[in-house]
Structure formats: structure tokens, C-alpha cells
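Per Swiss-Prot, the features are:
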DOMAIN    205-328  domain 'Rhodanese'
MOD_RES   Ser443  phosphoserine
DOMAIN    562-923  domain 'USP'
ACT_SITE  Cys571  active site, nucleophile
ACT_SITE  His880  active site, proton acceptor
Amino acid sequence: MEQNIISTIRDECIRHRSKYLTIAQLTAIAEAKINEFIITGKAKDQDLSSLLDKCIDILSIYKKNSKDIKNIISCKNKGAMISSNSVMIIQLNYVYYKVIHIIVTTNIPHLSEFAKIKLHKSTSDEGNGNNNNNEFQLMNIYNTLLETLLKDENIAKIKSFIKSSIKQTKLNHEQEECNLMRTGSYITSNQLNSLISSSANSASSQMEILLIDIRSRLEFNKSHIDTKNIICLEPISFKMSYSDHDLEKKSLITSPNSEIKMFQSRNLFKFIILYTDANEYNVKQQSVLLDILVNHSFEKPISDDFTKIFILESGFPGWLKSNYGRQVSSSFPSNNNIKDDSVYINGNTSGLSLQHLPKMSPSIRHSMDDSMKEMLVAPTPLNHLQQQQQQQSDNDHVLKRSSSFKKLFSNYTSPNPKNSNSNLYSISSLSISSSPSPLPLHSPDPVKGNSLPINYPETPHLWKNSETDFMTNQREQLNHNSFAHVAPINTKAITSPSRTATPKLQRFPQTISMNLNMNSNGHSSATSTIQPSCLSLSNNDSLDHTDVTPTSSHNYDLDFAVGLENLGNSCYMNCIIQCILGTHELTQIFLDDSYAKHININSKLGSKGILAKYFARLVHMMYKEQVDGSKKIPISPIKFKLACGSVNSLFKTASQQDCQEFCQFLLDGLHEDLNQCGSNPPLKELSQEAEARREKLSLRIASSIEWERFLTTDFSVIVDLFQGQYASRLKCKVCSHTSTTYQPFTVLSIPIPKKNSRNNITIEDCFREFTKCENLEVDEQWLCPHCEKRQPSTKQLTITRLPRNLIVHLKRFDNLLNKNNDFVIYPFLLDLTPFWANDFDGVFPPGVNDDELPIRGQIPPFKYELYGVACHFGTLYGGHYTAYVKKGLKKGWLYFDDTKYKPVKNKADAINSNAYVLFYHRVYGV
């Protein structure tokens, strides 16, 4: 019988091409052998005694083999190779056990003799004593066999051995298939699981498998494939022109050290697996990364003979749907283990803390009022926003950038009272700046049918010489692709004392809808000046882009000029719009609609794209009137104003407002709508130890680090175009202890010093006043954490990052709202190099190299050309705003006064005593 079973097992192994048979296959062999050897011929002739004898014989063989099996399993657990004979013994023993089990539990209970014995036992027939004794013995043997089967400990080990061996055989088969596959092939979730399992059990000296997750850090931290060797490479951190060196030095600059070390050993792994989600942009970047690793690995070439690179079929969603979907892990640190000091203390970037995003800009409301709700349900193109919102909820990770520079400062805890004097001194964020490109938000383009290519940048540029791409850009000859490098911003300007208090963020009742008869060109049939007490979009108002979208060419005349109707004291808005549209880079992206792909519906402080959409519509209307209009009819910006009022009630009414506040509001609002990190939570403040170490660094390096931290929560084209940074340093005059905070700005408000009777005031005087060391009054003295009491102290502001476009607000109003009308002389070409922090002493935080901190354009000199002036006449509440804007070499300077505009005969007229907000563009080579 034994040889017969062995022969059958071997035949089945050959048929299934496997060294091991499954439990089901071995059970089938046992059933076949019972029919072949035991119940042949007439089953009725088989007696109970013969079957029990057969079981006892097989059981004795089973017990004998079990001793050998214990040694075999013990050797396997120690990692020893198992011979074919040992495998056969184990499989044979399982068949023996199964034969006994089937006979005892199935065949014998069906015998008529067994049924009679059970009946006799139950009735206790004393008339057949001899028969009863014989039956009693048979029943005892049967019960003993049954009990032996139930208590046998070996069968569980045998089953476990067979199952694990089958699994390992499958893993080996999957791995053999992978070994035969070429780099760039797709592997299934089954094959990946086999590789992961094989790697965990491998005794090989070669590292087996490295997984690269190509999603945002936030999504990676939420969940990723559970394996030891895995890194996150954010899709926005690299581009097609990168090499493997760039990936290591730029893309992974803010990654945890453990991940950087794994990537540095990439050429030592047997398999590298790339995976991402279903997002179109991420899938494209996955192919880009594959190409970099295969064709541009110059520092550590990857050989297909030694390391194979595969792509996970169906990506992470497919893994979740597979049988292995439960094998995922989360990387969110517990609140008790957050270490945010990393970069300052030891250069470690792994302690990233993700918290809830606070309100960064007081001018953008958390919740929208009723009129904005009307805009969200408007019947025309605004429903694109709703579609975008639905799709972006599925692809939310694209909007979340959790740069590892957060990790550089993972220890931002709640503000320390000892380290802060007031809200003015709370850490916000800062940097050295050039121009990183904003992260692309690959949501569907809401402007359907627009086939124009998008020139909006795709990835942040982290190299030092990124500035050189702008060296040849002249304002009159702007290359439309010149802003392929873009950096971020979200901030409050240092506002004039009269306007530092922001209106409370309360919900306003729904305003009365006002139907305005708008013609196809967006002109109002109302008079030039409309003065409703409040305005609201009616449900009949539409946002159809078809009448304002340009046709086919990208060669826009960015120096178009169109007047704007005054909607009732809205000159404050008109003058800022005219000046801002003098910023060619900004005008370009709203004309070619590339901005639309970057709207972040999930930005916590944004308007869900409302403000950006209405601003774009206004730009289109103005451009269309310039191109098509014969009479140059002024445009009514009423819908744009309604959108502004829906976001901030300060601009809902027809009352006069401060134009610099509107400028701040507009840029903040556009930033939040386009903020690709608007869903990211912020970091906590530094621990006292980390802050102490930061104080020892130069402003140049500390501000650069703080700027990178800022970019993890605020990253948009607005940031790149307008964002700067200054440092505010408090110093104790007793112990010389300092505390420095870094504040981003969009509009830089500078004070006007008292006029010297002998000399005129220059804008350089204003900057000197802004950056001078100030002795704090007794009631303002700093609570020095070193002295642990209020001490005589000083405060000094230093500009640490100068933006590409600098907006300067001359603080003409004092705390009593009195206006300073002194003439501040400002040049057409302004050199701010002397006011830029240039104190680098060669010292970096421990573990951080000089090539790890991006310069982002912060290379002197810093020279700026004037291109816009917003002027104010009268008082704060009863004045009027106009604007001077430079419109290229052909048109020169134009003067805008609401609906009217005219050329300026003498450009020196743009330098006047009514200047209130100045717009400068950085220039090179002058």
C-alpha cells in the first residue's frame, strides 16, 4: 500500500508541476486509496473487525513516521533545506492520517454491523454474553482510534508544513517569473506580495525589494503598502530633466533620513517597485521616474542584470482591492512622539508633524456667506466647480503637499509665552527665495473646449541657479513661458495702523438680489456709477466663458488698456486691478486659463475657486474689449465685486475702502484658491532648544529654512510672484538674548519718517525707517525668557527675502487716521540690495549641507523697475483713487481714473506726492 501511495503522490506532483501537493489533492488521494484497497468488491462483506485492524496497521506506520517528521519540521524552522524524501514522508503521513480519519468517521459508521452494536449497547441485551463482550471490545477499539485521531498533535504540524511549503513554492514561482521579466514591466498584486514575503524570509545577502510610493507625503502617511523598505517620492518633487543625483539631492531633500539612505542604496536592491494612485498626473510622473532611474542613473547606474524595476499594475487602489489590501500601514506619528527640532538639532528630517491648518489670512473667510452659496449653485460654468470638487475629493492627494521640510522643524508646539511678546512675534514662516514652481493641481480643466496648451509650471525648482532663467526677461518682451519657475505665498502685509483690525468673521444675512441687465460683453446698462447699498449675484447671473475666452493664439497683448466703471466708491478696487494687471506673468495665466487647472477646491481658506474664476472672467472681458471693441467701452466689474463681497463682507457695500487692503485681500484670495498645499496642516512652533539653535544661525540660513517650512502649507503662483519675507528680532539689552520670528508678506507696508526741513523724503529713507533698530517703550518691553522678566529691549526688522514683484505700501495714515501728505520720492529703478539680509557666516545646522537649502532667487543685486502706482487723493473716508501703469515701450505710461484712461505725456508724472501703493518688478543686468 505504501509504495502505491508514494507512486500516486509522485505522479500527481509531476502532473501539477509542483514539489508539494495541496491538502485537497492529498485528501483526494486518500479517498481514492480507500476505495481501491479497503472497500473493493462488495462493501457489505467488509466487517467491522477487518476495518479496525486495517486502521491500527496504518496508525502504527503513521506514528513511526511522526518521529522523523518532528526532526524534519525542526530543521525547516532553522532554515535548513528539506530533501525530496523528507517531503514525501510528510505528504505520505498526511495521506495515512486521512485514510484512518475517513474510515473511522465515515465508512465504519455506515456499516450495518456498527449500527447493531450501538443498538445492542444501548439496550444491554444480556442473552448474548459472548457476543456482547466481543462487541464491547470492538467498540472500545473504535473509540480509542477516534480519540487518538482527535488528540493527535502531529497532524496540525503536518498541515502547517504543507500549507507553508505550498505558499513558498508559489512565492518562488512568482519570483522566478519576476526574474524573467524585463525592467519596466507591470507586476500584479500577487507577484508583489510574493516578492515582499520572499524578501521577509530571505537569507540572501542582497537586499531584495525597495518600494517607491509616488504620491503626496500626506497620502503616504495616511496609508501605504506595509513593508520595511519603502520611500515616498512626491510627484511634484521631480521632473523629466532630473538625474538620479537630482532625485537624491533635490527631490528627497526634505525626506526622512531613513528614506534617503534607502534611496542611496537603490542599486543594491534586487527589485525596485514603483506604484502610485489613479491620478493622471501621478501616473505620468511614475513614467518619468522610471525613465530617470533607467536612463539617467549616472551616479549609481542600475543594471537590469542585477536590479529590475517594475510598476505595480493598478497601483495602490488595486492593492487595496486585492486580498492583500489589509497589508497597509500609516506613518502618522503620535502626538507624544513628535520631534520638530530635527533640522536644528541633528539634521534629521523624519519627525514630521501634521496638524490642522490654522487661519493664516484674516481677509479670507473660513465660511462663505449666503451670496457665495448662490454663486456656487449658479447655473452656468460655476457648476464646473462642483464637478471639480467631486473629482478633487477623489484625487485630494494632488492638492496636498507635505514637503519634508516640515520635517526639518517637526517640533512646532503651542506658542511658548516666554518666547512671545504679542501676536506680532508669533512665528509664521519665511525663506530665501528664488522661484519654485507651484505644484500642479491636476483637476479637470473647467474651461471645456479650450485646447490651448498650459504653460503653468509643474514642479518646484530647487537648484541654486534657477534665477538665471529670468535674467533675460524684460518687461516689454516677456516670454510666455518665463514663469515656469514659481514659488509661493500666503500672508498678511504689515498694514497701516488704521486698518490693522480685520472685521470679525461673522455670517451675514443673505443680501437682496439685484438683477442687472448685462449685455454679452459684460457692460452694465446702468449708469457709470452704481450705488446700491449691497449687491448680490442673482440666480440668473451666469459665468459663461465662451464670450470672453480668447480664440487660438497665446501671443496676447499683455499691455491692453480698458477703463473700469465705478460701482459706487469702488475706485479703490479699480486702481488696484489696473496695477495688478501690469504684472505680465499674472495676467498671462488668467488669459490662457492655465490657472484653472490649479484651483484647489479643498483649500481650507479658499473660496472654492469663486474669486479666481470671477477675476479670470474680468480679465477676459477687459482683454476682449481691448481687442474687439471699437469704442473702447469701459467694463463693469460688478460680478467680480460681488464675488469679493461674498468672500469678505468688507467689500460688499458701496462704502469707500483702503486700496492697499483690497490689494492684500485680492492676492491672498487668489493665493488660497490656487494654493496647492491649502489642505495641508501646519507645523507646530519650535521647541525652546530648537529655537535656541536657530538663533545661532545667520538670518540668511534660518530664513531659508523657515521659508521652506512655509512652502509646505502655502504654495501657489501668487506666492512665487509676490511673496517676500522679513525677520523680526527682539533683543534683551541686559543679557543680549534674542528671539527672531520670520514673517511672510505680500504687501510690504513701510513707514514715512518725519520730514527734515532741509531734505526731501526718499523711499530709501522709508526702508531705513522700516529696518532701523527700535527701542521698545516701557509698556512694550519684552519678557526675556533668559532673564525671566520684562527688560529694556529692542526690536529690529530685516528683509530676508525679496520677491519677483514687490508691492510697497506707503503708510500715510497714523493711528488717528490722519494722513501724511509728504512727498516721498521713489525712483523708476530702485536698488534694495542694501536692505537685504546678507549675513551668511558659513554655519549650517548639524547634518545640513550647503547644497541642501535652495537659494530660490535670493542672489543680489536686487534691483526693481517701477510699473504701477496707485494714488490716493483726499482723506481715508472721502478720497479718490487713480493709477499710473506702465504698458510697455509702445504705449508707455497710462493714467487710469475709473472709466477713463490716457497716455502720460511725461512719465515723470508717475512720480507724484499722491503715491500710496507702488508696484515694482525685479530686473536683471541693469
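Count begins at 1; order follows the chain as displayed.
Placement of Cβ uses the backbone N, Cα and C atoms for every residue, glycine included.
Recorded residues Cys571 (active site, nucleophile) and the residue listed as 'active site, proton acceptor' have their alpha carbons 7 Å apart, per Cα-Cα distance.
Note: His880 (active site, proton acceptor) has non-local neighbours Cys571, His872, Phe873, Gly874, i.e. same-chain residues 6+ apart with C-beta under 8 A of its own C-beta.
A helical conformation is recorded for Cys571 (active site, nucleophile) in the three-state DSSP classification.
DSSP assigns His880 (active site, proton acceptor) to a strand. Per DSSP, the secondary structure of the domain 'Rhodanese' (205-328) breaks down as 51 helix, 25 strand, 48 coil.
For Cys571 (active site, nucleophile), the count of additional Cβ atoms within 10 Å of its Cβ stands at 25 [all protein chains shown].
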